[in-house]
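Trainee: Under the heading substrate binding site, Swiss-Prot lists T50, C51, N52, R53, S108, E113, P114, Q115, Q119. Annotated active site, nucleophile per Swiss-Prot: C51, in sequence order. Feature annotation from Swiss-Prot assigns site 'Important for activity' to H98. For G188, A189, G190, E191, M192, I193, the entry in Swiss-Prot reads NADP(+) binding site, with the evidence type sequence analysis.
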Amino acid sequence: MSVWALGLNHTTAPLDLRGRFAYALDQIEPTLRGLRESLARQPEATLLSTCNRTEIYCAGDHNDLEHTLEWLAHNGGVSPALLRSHAYTLQDDQAARHAFRVASGLDSMVLGEPQILGQLKDAVRAAEDAGAMGSTLHQLFQRSFAVAKEVRTSTEIGAHSISMAAASVRLAGQLFENLGDIRVLFVGAGEMIDLAATHFAAKTPKSMAIANRTLERGEKLASRFGAEVMRLADLPSRLHEFDAVISCTASTLPIIGLGAVERAVKLRKHRPMFMVDLAVPRDIEPEVKDLPDIYLYTVDDLAHVVQTGKDNRQAAVAQAEVIIDAGVQNFMHWLGQRRTVPLIQQLNAQTDEWRAAEIARAKKLIAKGEPMDAVLDALTRGLTQKMLHGALAELHAGDAASREATAHTVSRLFLRGQPPKEHKER
């Protein structure tokens, strides 16, 4: 059995390509089922999908990796060649190291950001619900969580990091002289919007509103900030009222189109509008960026802002890598032991078969009236002969070099490390 990972992220693939492989949390379970059903031998599998990465982790036959890449490409509506040119594949210790780095926030656009750990835990729960988790991936991810916890408690990897939400506020502050004078609209009601609303609320804007597909969830979030709630359907007619728009939904298609923004610009009489699209795939049509008086930023545009202070945390990164190295070694040791389980089961089955055969033979001898000492002698001799037959045959086979190697192995196994005695010519 092999552990491997297939993925693409913000460093290997552009935003629009990542958008083709973005899966909402409620899509992970059916997606994993579809993947596993497409394979002859269903591997253990987990799917992690965030705005910056989509990754599949599997434990099974490594030969399934190419099929998985083709399956994923088909799902995303692109050619395998295109996906292959932007994807990475990792096996065993490299896959484990990557999982540990992802969980610890070392592979994130925002170095040390804590949200990825929660997203990874959600992905594991979804895989469990899909019946796709097994003992190997369970070990991998439980160890990932433990390593991430140690990294965060033992290093300053998350110190002074700037989240996407905080970066949005910082950029808005560069456009507007006083954030207390602006009206802010948040589209969506998920974790990212929650964070963004928290950061903007700290600047006490003139007003805040939340537009969401379901009013109930929008109202729950709005109540914390004293914000207005509106329906997504009302967005086009009210867009012009807001100076800043922060959007992050799970929609597979843009929900703010070029036409709606053009109308808003005219109604605003060309006052600037600040827009941040934190969604993958996009919530705001990319052509909006070309409109006058519109300042649109995507998650990739925010990269240079969130990198601030990264150089100052390189010492923490080095400390984290040491912790991760130890975690990888421990996992690979466990995996190596795990790979011997089938052999151990085979050996136990074989010795049980020998034991049963010798017991049956002993019972026949007893029934014939043979002395008990003779029966026990025959029983033990039969067992030892069966156990040693393979080793003795190997010692007599092959050339001198192979016989010497076999002799040392047999000595280690049967003589508890005593060196084999050298043959003396008479």
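Using N, Cα and C of the backbone, Cβ positions are placed for all residues, glycine too.
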Trainee: For P114, G188, listed as binding-site residues, tell me which one has the smallest number of other Cβ atoms within 10 Å.
Mentor: P114
Trainee: Whose Cβ lies within 8 Å of the mean position of the Cβ atoms of T50, C51, N52, R53, S108, E113, P114, Q115, Q119, the substrate site, other than those residues?
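Mentor: Close Cβ neighbours, site residues excluded: G105, M109, V110, I116.
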Trainee: Just how many other Cβ atoms lie inside 10 Å of the Cβ on Q119 (substrate binding site)?
Mentor: 19
Trainee: Max Cα-Cα distance in Å among T50, C51, N52, R53, S108, E113, P114, Q115, Q119, the residues listed as binding substrate?
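Mentor: Those residues reach a largest Cα separation of 15 Å.
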Trainee: When you average the Cβ positions of G188, A189, G190, E191, M192, I193 for the NADP(+) site, which other residues in that chain have a Cβ within 8 Å of that mean position?
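Mentor: Going along the sequence, the neighbours appear as F186, D194, L195, A196, L221, C248, T249.
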Trainee: Is it possible to get the count of other C-beta atoms within 10 angstroms of the C-beta of E191 (NADP(+) binding site)?
Mentor: 14
Trainee: Measure from the CA atom of N52 (substrate binding site) to the CA atom of G188 (NADP(+) binding site) and give the result in Å, rounded to a whole number.
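Mentor: With the alpha carbons as reference points, the distance is 18 Å.
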Trainee: Work through the recorded positions one by one (C51, H98, P114) and name whichever has its CA nearest to the CA of A189 (NADP(+) binding site).
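Mentor: Nearest listed residue in space: C51.
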Trainee: Roughly how many Å separate the Cα of N52 (substrate binding site) from that of I193 (NADP(+) binding site), to the nearest whole number?
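Mentor: That separation, Cα to Cα, works out to 16 Å.
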Trainee: Which of N52, S108 has the fewest nearby Cβ atoms, counting only those within 10 Å, among these binding-site residues?
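Mentor: Selected from the binding-site residues N52, S108 on minimum Cβ neighbours within 10 Å: S108.
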Trainee: Please report the number of other Cβ atoms within 10 Å of the Cβ of H98 (site 'Important for activity').
Mentor: 21
